[in-house]
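S.K.: So TrEMBL lists the following for this protein:
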- 23-288: domain 'NADH:quinone oxidoreductase/Mrp antiporter transmembrane' (DOMAIN)
- 57-80: transmembrane segment (TRANSMEM)
- 92-113: transmembrane segment (TRANSMEM)
- 152-171: transmembrane segment (TRANSMEM)
- 178-197: transmembrane segment (TRANSMEM)
- 203-223: transmembrane segment (TRANSMEM)
- 275-294: transmembrane segment (TRANSMEM)
- 290-344: domain 'NADH dehydrogenase subunit 2 C-terminal' (DOMAIN)
- 326-347: transmembrane segment (TRANSMEM)
Amino acid sequence: MNPYVLMILLSSLGLGTTLTFASSHWLLAWMGLEINTLAITPLMAQHHHPRAVEATTKYFLTQATAAAMILFASTTNAWMTGEWNITDLSDPLANTMFMTALALKIGLAPMHFWMPEVMQGLDLLTGLILSTWQKLAPFALIIQTAQNIDPLLLTLLGVTSTLVGGWGGLNQTQLRKILAYSSIAHMGWMIIVIQYAPQLTLIALGTYIIMTSAAFLTLKMLLTTKLNTLATTWSKSPILTATTALVLLSLGGLPPLTGFMPKWLILQELTKQDLPIIATIMALAALISLYFYLRLCYAMTLTISPNTTNSTTPWRTQTTQTSMPLTLFTMATLGLLPMTPTILMLAT
């Protein structure tokens with residue numbers, strides 16, 4: 001892609017998100033989301049592959065539907081209450097419709113069906129933008145309106161997303177689909193606690209972005225998108241394979257790693273709010289997700305690929321890719337747990 005065009009598209013992505021962050025009027029927020037969608041569409045279709053075009057079309061249709069629903073909900077709210085301010089979403093029909101639209105935008109279950117299909121058709125860098133940056137603007141709106149939305153709806157969306165994200169990823173062999181289901185499960189964790197402690201949602205979103213970025217950048221460095229090609233990575237770059245296994249376990253939420261922090265804090269908050277059953281369901285759903293991360297770790301580090309090749313496998317692959325972002329994200333993914341008190345203090 002032409003670097004000037006790329007610069008314009010990436011600037012528009014930034015502009016759309018910033019516009020939504022800064023707006024207090026519904027129309028401005030909606031405009032920011034639309035700019036976001038229109039800016040990422042050419043990035044998704046840049047390879048002109050039929051699958052990429054199909055993924056772009058699916059994404060565009062779902063996002064356009066969600067944007068129309070947001071516009072309809074905000075107009076209904078303005079009609080019923082006379083208010084265009086984002087924080088004054090007091091009409092019950094409008095706020096339910098609005099939450100449904102935003103759930104469709106970020107891929108919460110049961111409006112998640114587009115997410116794995118779209119992710120599968122994209123290259124890894126565009127997939128990374130889709131699963132990290134594109135979540136920011138909708139989450140800014142959800143956090144601002146969470147106190148007006150029906151708590152039962154938020155709880156249902158959260159629990160359903162963690163369960164669907166866990167179950168959906170179990171049988172997958174395509175890494176991008178696995179990361180899409182991982183994204184759905186993480187979104188569920190963020191939504192479940194948003195009505196009680198929005199700062200924990202922000203911490204969970206931050207750690208999710210760091211861990212997902214590390215996972216996507218690792219797969220890009222290894223040039224792999226399928227489970228069976230992971231088995232050949234140990235001979236090419238053993239250190240990267242070892243850190244990748246740890247990144248995946250961090251995504252699963254195992255204790256000494258960063259991914260444990262948001263899960264621990266969210267379960268603690270749910271218990272404080274006298275919701276032990278919900279907390280138990282969430283913890284068990286996290287175990288389901290952990291299974292498919294362990295499956296990836298097993299394929300990477302504990303198996304030798306059965307494929308016989310006539311050429312000798314290089315011990316070190318020469319790559320022209322820059323490894324600094326990957327190094328920084330991997331370090332953050334593995335070592336932020338001791339910083340929990342500091343992060344909590346900064347967030348509250």
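Any Cβ shown, glycine's included, is placed from N, Cα and C.
Keep in mind that TrEMBL annotations are predicted by a computer and have not been checked by a curator.
Context for these features, please: burial, neighbours, distances.
M.R.: Outside the transmembrane segment (57-80) by six or more residues, the chain places 26-27, 29-30, 33-34, 37, 40-41, 44, 88-91, 93-95, 97-98, 100-102, 104-105, 114, 117-118, 121, 130 with a CB less than 8 A from a CB of the stretch.
Beyond the transmembrane segment (178-197), the same-chain residues lying 6 or more positions past its ends with a Cβ under 8 Å from any Cβ of the stretch are 106-109, 112, 115-116, 118-120, 127, 131, 135, 139, 142-143, 146-147, 149, 151, 154-155, 157-166, 168-169, 172, 204-205, 208, 212, 215-216, 227, 251, 262-263, 266, 269-270, 272-273, 278, 282, 285-286, 289, 292-293, 296.
For the transmembrane segment (203-223), the residues of the chain that approach it from at least six positions outside its boundaries are 124-125, 127-128, 131-132, 135-136, 139, 175, 179, 182-183, 186, 189-190, 193, 230, 233, 236-237, 240, 243-244, 247-248, 250-251, 258-259, 261-262, 265-266, 319, 321, 323, 325-326, 329-330, 332-333, 336, 343-344, 347, judged by C-beta separation under 8 angstroms.
Residues belonging to the domain 'NADH dehydrogenase subunit 2 C-terminal' (290-344) score a mean pLDDT of 82 in the model.
Same-chain residues lying 6 or more positions outside the transmembrane segment (326-347) and placing a CB less than 8 Å from one of its CB atoms are 199-200, 202-203, 207, 210-211, 213-214, 217-218, 221, 243, 246-247, 250, 255-261, 265.
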S.K.: Restricting to the same chain and to residues at least six past its boundaries, which positions have a Cβ under 8 Å from a Cβ of the transmembrane segment (152-171)?
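M.R.: Tertiary neighbours of the transmembrane segment (152-171) are 96, 99, 103, 108-110, 112, 116, 146, 177-178, 181-195, 278, 281-282, 285-289, 291-292.
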